[in-house]
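Annotated features in TrEMBL:
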DOMAIN    24-174  domain 'APS kinase'
BINDING   Gly32, Leu33, Ser34, Gly35, Ser36, Gly37, Lys38, Ser39  ATP binding site
ACT_SITE  Ser106  active site, phosphoserine intermediate
Amino acid sequence: MTQDVYWHDNYITRQHRQERNNHKSFVLWFTGLSGSGKSSLANAVEKHLFESGHNVIVLDGDNVRHGLCSDLHFSAEDRHENMRRVGEVSKLFVEAGTIVLAAFVSPYREDRERVRSRLPHGDFHEVYCKCDLEVCEERDPKDLYARARKGEIENFTGISAPYEEPIKPDIVINTSTLTIEAEVNVIIERLKAKRLIANQ
Ligand SMILES: Nc1ncnc2c1ncn2[C@@H]1O[C@H](COP(=O)(O)OS(=O)(=O)O)[C@@H](OP(=O)(O)O)[C@H]1O
Ligand SMILES: Nc1ncnc2c1ncn2[C@@H]1O[C@H](COP(=O)(O)OP(=O)(O)O)[C@@H](O)[C@H]1O
C-alpha cells in the first residue's frame with residue numbers, strides 16, 4: 001500500500017554515483033532453463049567486469065531463495081512474487097550505481113517485461129541463455145531433472161512447468177555450443193556496442 005506514504009528525493013542521485021564510479025549502471029537479466037548456464041555465465045561476466053574496475057553484483061535465484069525469497073516456492077504465483085522482489089532489488093542496486101547481473105529461470109514473459117517496465121527506459125537488457133532441454137537434462141548439475149522426472153519435485157521448469165522463450169531478447173547466447181569464455185566475450189562486446197560500458 002502506498003497510501004499515506006510519500007516519496008523522498010535525495011540530494012545524492014544515481015547520476016552522482018555513476019560519475020564517481022566512472023561507469024553506467026544497468027541490469028543484465030539472464031533467463032533460461034535450469035542448467036542452461038545462467039549462474040556460470042553471470043559469474044564469469046561478473047569476474048570480467050569486476051576486474052576491469054566496475055561495481056557489479058550477481059543476484060542468483062538459488063541464493064536469493066535462501067534469504068529474501070525463502071518463503072517462496074515454485075507455483076506461478078510465487079514465481080511472479082520472486083520476480084517482483086528481485087526486480088525491485090535490482091532497481092535499488094541500479095540506483096546505487098551498480099551493474100546487476102540477475103540470473104533467474106524467470107519463465108514467464110510477462111514477469112520479465114514487468115521488471116523491464118519498472119526500470120528507467122534502457123536499463124533492462126534481457127540475456128537469453130538458449131539451451132535445449134535435452135542438454136540441460138544431460139548436464140543436470142544438481143540432479144534436479146532426474147528427481148523431477150521421478151516426480152520428486154513438482155512444477156519443475158521444462159518438465160512439469162512452462163518456460164516461455166523470450167520473443168525479442170536483447171542478447172541471445174547459445175550455451176550449448178559456445179565455451180563460457182566465448183560467451184563472456186560476446187556479452188562484453190555487446191555491452192560496448194550498446195555503450196553501456198567503455199570501449200577500453
Ligand atoms: N520446480 C523448480 N523449477 C525450477 N527450478 C527449481 C525448482 N525447484 C528447485 N529449483 C532450483 O531453484 C532455482 C530456480 O530459482 P529461480 O528463483 O531462478 O526460479 S524462478 O525464476 O522463480 O522461476 C534453480 O536454479 P538454476 O538451476 O540455477 O536455474 C533450481 O536449482
Ligand atoms: N558453455 C557453457 N555455458 C554455461 N554453462 C556451461 C557451458 N558448458 C557447460 N556448462 C555447464 O553447465 C552447467 C550449467 O549450470 P548453471 O550455470 O548452474 O546453470 P543455471 O544457473 O542456468 O542452472 C554447469 O555445470 C556448467 O559448468
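Glycine is treated like the rest: Cβ placed from N, Cα and C.
With respect to their backbone Cα atoms, Lys38 (ATP binding site) and Ser106 (active site, phosphoserine intermediate) stand 11 Å from each other. Among the recorded positions Lys38, Ser39, Ser106, the residues whose Cβ sits under 6 Å from any atom of ligand 2 are Lys38, Ser39. Ser106 (active site, phosphoserine intermediate) has its Cα within 10 Å of the Cα of these binding-site residues: Gly32, Leu33, taken from Gly32, Leu33, Gly35, Ser36, Gly37, Ser39. Comparing Cβ neighbour counts within 10 Å across the recorded positions Gly32, Leu33, Ser36, Ser39, Ser106, the minimum falls on Ser39. Proximity of the recorded positions (Gly32, Ser34, Gly37, Ser39, Ser106) to ligand 1: a Cβ under 6 Å from the molecule is found for Ser34, Ser39, Ser106. Over all protein chains present, the Cβ of Gly37 (ATP binding site) has 26 other Cβ atoms lying within 10 Å. Counted within 10 Å of its Cβ, the other Cβ atoms near Lys38 (ATP binding site) come to 30, all protein chains included. Long-range C-beta contacts of Gly35 (ATP binding site), restricted to its own chain and to partners at least six residues apart, with a cutoff below 8 Å, comprise Cys131, Val135, Cys136, Glu137, Arg139, Asp140, Pro141, Lys142, Leu144, Tyr145.
In the structure as shown, the Cβ atom of Ser34 (ATP binding site) sits within 10 Å of 26 other Cβ atoms.
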